[in-house]
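Residues or ranges marked as ATP binding site in Swiss-Prot (evidence: sequence analysis): Gly7, Met8, Pro9, Gly10, Ala11, Gly12, Lys13, Gly14.
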Amino acid sequence: MLICVVGMPGAGKGEFVKVAREEGIPVVVMGDAVRREAERRGMDVGEMAKRLREERGMDAVARLVEEDVERELRRAGVVVIDGIRNPEELEYFRDRFGERSVIVVAIHASPQTRFERLRIRGREDDPDTKREFEERDERELGFGIGDVISRADVMIVNERVSLPEFREKCRMVIRAILRGDPDDLPGGFDHLRVPD
C-alpha cells in the first residue's frame, strides 16, 4: 500500500511523515531524488524539478523514486510517499501499483497559517516575505498540486489545533488506513475531513 501525503508548503506534511515513521512506516521523499539530481548536475532544486519534468515528462520524479518505493514495499508492505506535485505522478503510482493500493492524504492549512509556519521554520527555501510565499504557492499550483489535493481520499485540517492534537489526528488516520477500516474515520476514506 502507498500512502501519498500532499499539501501546500507549511500545511504539515512533515509532521505527518514524522508520525508515519514513528508508526514504523518507511517514507520515500520525492524531493530527495530531485535534490540528488540537482546536486549531480550542479543546479538549483526548484529549477531541477522543472527541468526534469520538461525533459522526461510530468511523472519524471515518480519514475525517479520508483525503485525506492518498490524496495520499501517489499520490505514493509506499506510506504508513505512525500512530495507528489501533480496528477501525472499520482496516476503513475496508481498505474504501477494499482488504483486501490494508493491512498492520498491531503493536509490543509490556510495561507496565513502556512506563511507563519514557514517563517518560523526557516529552511533555506522558505519565503521571507508574503510576496515570496505567494510566488511559491503559484509555482506549486502551477505544477498541479491543487488537482492532487482535490483527489484526496482523506483530508486532515491543520488549523487552530496544537501540534500534539494534529499529530494525534495523523496517527488516527494512519492507523485506520493500515487496518483498512474507513469506519474508524467519520465518512470513511472518501474525501474525509477529520474533525477539528
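Glycine residues also receive a Cβ, built from the backbone N, Cα and C atoms like all the rest.
Locations of recorded Swiss-Prot features on the structure.
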| residue | record | CB count, 10 Å |
| --- | --- | --- |
| Gly7 | ATP binding site | 25 |
| Met8 | ATP binding site | 21 |
| Pro9 | ATP binding site | 22 |
| Gly10 | ATP binding site | 26 |
| Ala11 | ATP binding site | 24 |
| Gly12 | ATP binding site | 26 |
| Lys13 | ATP binding site | 22 |
| Gly14 | ATP binding site | 18 |
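Close to the recorded ATP site, the chain also has Ile107, Ala109, Arg114, Arg117, Asn158: residues not among Gly7, Met8, Pro9, Gly10, Ala11, Gly12, Lys13, Gly14 whose Cβ is within 8 Å of the site's Cβ mean position.
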